């Protein structure tokens, strides 16, 4: 891929960042990425990011966990070897259901939680030995960085960003 | 300021009158003579009803026990028959009393649940809920009359009535029952009444002062938050008092209908039921008042929070219901498990149906964040939760008093209408007495700007 140019605007305050995002969006520029040291409340909405669907996946994973627990215990306790253990009614799953509920609950939570976390890692592309994608190490401490693609509008964009309270505006060559 | 519309006032009066008629009808049709009940039973066994078998069952043990005295057999069979008929006669007579008691307790517990919720909001200095304080205060206005009505019905059932709710009030039963005799130190009608009055007095005093300080804070000088501090202190004190008395109240007013049975987490279980019903009523009232344009400062963020409480406490209720059921089912100790056996045999649909209404339905309906912000969704779920918790109280009282002679008919519906009408009247009357926004509360600005 050819090298393209981006502008990095650096801010030192999240309130300034928020108003800058609103101004840049109002001027219809496309914000490629924003790097912040901590979650900035409302930033996703200001950027116009689509809401996450991770809760929906968690619900589905929970249902899978519930099904696994039910099928497993029905097979083991009722179908494969229905023993009389302390007088518990192993005639059908429903008759002995209360004894299975703790496990059904825990496996639902287990599947829901763990698979959701794995989904998060996969979708966010996070894993051990993953190379950090940080354009400026200061953004992990106390600086906020907004990255905007440049296509022939460099000067207008730089003036706009300087007017939003950016402490630094840098033109960066970025190899995609 | 809220004005209690004449339409709503008339509506509440209509409910009360219809309810009173239903209750009256229930009492008038429940006094059956021995012969009438005998006739009824004979007819039922003709129709192949389960009662013919029950007679045989009843007769069988006395047969065996006295088998040696051959000449006595027929006499004993007749004895058992007479006993069975009197038993059923008593159950039929209990029905309107129990129906009245269940409905009275249901509406009272809503008000008490809201009072606890209100105290928690103040003690925890919640920043989202102060806009709803006046709604909560209005609902708690029903606590005092509601609690007194419950106590009066309970005591009256043992004095005017024929021990129609609590069999331990019957000296005849106690004389032949060693277990109840052993509990007579706690279960006696004088102690019951005095304890009840102490509970009610404590709750009513808190409610009185909480309301007083809340209104006084409205009129206080700007910057003077002494009433806020006072209401904070009494809320913390009340919560300590409440959790003890609520637990004892649940032993007295509910658990003692089955004086042979006991459960340690029963107080919590009743609490969860009253808490979730109370929160649901706050949500329904807020939505109603907002739709009438009275609560401009309440938005869907507040609704979202209260719906989260409905969701969470519904699950908490289920957790306690299941813990109580599963522990007893698992160990299957005869003296404890009879409680659930009678419920599962005679109340299968209400017993398991309420788990669907109180757990499965709210779980699926209120899980989605967007649904919690939609009025009609919260209203629909709220109505289901309230029906479910009425059935919960029904399941606690009825099996002990009417046994398998239960039905949700005119006496039950009439009682619900009667106390429902009274509830609406008292609550909206109280609502019209103060501004709907507790202006002076220090966290009010935060609450008005609350956004989730």
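Counting starts with 1 at the first residue shown.
The backbone N, Cα and C atoms fix where each Cβ goes, and this holds for glycine too.
Nobody curates TrEMBL annotations by hand; they come from automatic prediction.
Same-chain residues lying 6+ beyond the ends of the transmembrane segment (B:12-28) with a Cβ under 8 Å from its Cβ atoms: 95-96, 99-100, 410-411, 413-422, 424-425, 428. Annotation source TrEMBL lists transmembrane segment at B:12-28 (among others).
The region 'Disordered' annotation in TrEMBL covers B:46-73.
Summarising the annotation, TrEMBL assigns compositional bias 'Basic and acidic residues' to B:61-73.
Tertiary neighbourhood of the transmembrane segment (B:99-120): same-chain residues 23, 26, 126, 133, 136-137, 139-143, 146-147, 149-150, 153-154, 157, 165, 203, 206-207, 210, 235, 238-239, 242, 246, 253-254, 270-271, 273-279, 281-282, 309, 389-390, 393-394, 397-398, 411-412, 414-416, 418-420, 422-423, selected by CB-CB distance under 8 Å and a gap of 6+ residues from either end. Here TrEMBL flags B:99-120 (among others) as transmembrane segment.
Sequence annotations record features per position, and here TrEMBL assigns transmembrane segment to B:141-165 (among others).
Residues annotated as transmembrane segment in TrEMBL: B:185-206 (among others). Remote same-chain partners of the transmembrane segment (B:185-206), defined as residues 6 or more beyond its termini with a Cβ less than 8 Å from a stretch Cβ, comprise 112, 115, 119, 143-144, 147-148, 151, 154-155, 158-159, 166, 168-169, 234-235, 237-238, 241-242, 245, 248-249, 251-253, 256, 259.
Look at TrEMBL and you will find B:234-254 (among others) tagged as transmembrane segment. If you look at the transmembrane segment (B:234-254), the same-chain residues 6 or more away from its ends with a CB under 8 A from one of its CBs are 105, 112, 115-116, 118-120, 122-123, 150-151, 154, 186, 192, 195-196, 198-199, 202-203, 206, 209-210, 213, 266-271, 274, 393, 396-397.
Sequence-distant neighbours of the transmembrane segment (B:266-289) (same chain, 6+ residues past either end, Cβ-Cβ under 8 Å): 2, 106, 109-117, 132, 135-136, 138-139, 243, 246-251, 254-255, 295, 298, 302-303, 306-307, 309-310, 313-314, 316-317, 320-321, 324, 358, 375, 378-379, 382-383, 385-386, 389, 392-393, 396, 427, 431, 436. What TrEMBL lists as transmembrane segment is B:266-289 (among others).
Taken from TrEMBL, the feature transmembrane segment applies to B:309-329 (among others). Beyond the ends of the transmembrane segment (B:309-329), by six or more residues, the same chain brings 117, 263, 265-266, 268-269, 272-273, 275-276, 279-280, 283, 336-337, 339-340, 355, 358-359, 362-363, 366-367, 372, 378, 381-382, 385 to within a C-beta distance below 8 angstroms of the stretch.
The transmembrane segment annotation in TrEMBL covers B:349-367 (among others). Distant neighbours of the transmembrane segment (B:349-367): 276, 307-308, 310-311, 314-315, 317-318, 321, 343, 377-378, 380-381, 384-385, 387-389, 391-392, 394-395; these residues of the same chain sit at least 6 beyond its ends, with a Cβ under 8 Å from one of its Cβ atoms.
TrEMBL lists B:374-394 (among others) with the feature transmembrane segment. Counting only same-chain residues 6+ beyond the ends of the transmembrane segment (B:374-394), those with a CB under 8 A from a CB of the stretch are 102-103, 105-106, 109, 254, 273, 276-277, 280-281, 283-284, 287, 291, 303, 306-307, 310, 314, 350, 353-354, 357-358, 361-362, 365-366, 406, 408, 412, 416.
Residues of the same chain lying 6 or more positions beyond the ends of the transmembrane segment (B:406-431) and with a Cβ under 8 Å from any Cβ of it are 2, 4, 8-9, 11-27, 30, 95-96, 99-100, 102-104, 106-107, 110-111, 134-135, 137-139, 141-142, 145-146, 149, 285, 289, 346-347, 390, 394, 398-399. According to TrEMBL, the feature transmembrane segment maps to B:406-431 (among others).
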